[in-house]
Amino acid sequence: MAELSELVQEVVKSSSWWERHGVDICIITLSFLLLPAGFLCLRSAHAIPFLAGIVILGVVHHTLTVKGSHLASHNALTESKSWGKVWALFFIELCAAFTAEQATYNHVKMHHGYTNVIGLGDSSTWKLPFLNRYVYMFIAPLAVPVLTPLVALHLLRNVKLKTALRTICFMLLGLYSHYWILLHVSGFRSAWSALLCMLVTRALLAHPYTHVNIFQHIGLPMFAADRKPKRIQLMSLGVLNLPRNALLEWSFGHSLISCHVEHHLFPGLSDNMCLKIKPIVSQYLRKKQLPYNEDSYVSRLRLFLQKYEELMVHAPPITELVGIQ
């Protein structure tokens, strides 16, 4: 791991600010600039502009709440820790209606710290064994916009009262702002139509968002906490990259799609930097005869539909989950 880290650090040090942070900040800024066009398109009585508004707002929403929140949780948008905290509150709580503290703890400390370790970072929170495969894969994702703030409220039991009140205020401000703009800018005439539009736009990419989160870890080697291998082996065995996809990488970021292995090895890097170090990481792992897992979206979807109960319902015995040491 030290040898690979040196190679990557050389690339990072030789990269400009634009490469380290600018590209991703530009994508997020452009997304913000598209918001007025999206809301104004919804004023149209014609189907094509109205649907264009839905698509624009849906893509922008996921760019801010997935890509923005993910980068902010890793402090990858800026080199300043103070500004990093500000961006985490803005993207995670105001835009995504979630709790910044719990998002950072569960994702950064647990999922990244114990990737594919049973009971710690094994992605089991994504499993809903009481749902059948078709409901989980194709219907349940539509509930993500509703479940997200509800889960956040549940998790607020684990934080201080002051923090909980701040989170609730930011969540309400973000949700009400979206609702208010639909009524007063987009021209929706009823509360129900505005709420339905909020649900549709916020769920536009909920299916790939759900799928990506299970495709890239579940079904790969899992490990017991007392028998997990070295970090580089843990990440190479337990993480998978999907192919490049313009829409998903714009909305979710390279680190969640085609550079997930790189992201787990170097979580503090921005999406653009993960893409830049991808050739170095893949060549190094293959040179050391370590796995560099890659698979297509369709292939993973087929696998999860065929082996849904094995992967998402009936966890195999721990002896079967423990991989190469």
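Using N, Cα and C of the backbone, Cβ positions are placed for all residues, glycine too.
Among the ranges 21-40, 81-100, the stretch that TrEMBL annotates as transmembrane segment is 21-40.
Under 8 Å from some Cβ of the transmembrane segment (134-156) lie the Cβ atoms of residues 96-99, 102, 128, 163-164, 167-168, 171, 175, 198-199, 202-203, 206-207, 209-211, 301, 304-305, 308, 312, all in the same chain and six or more residues away from its ends.
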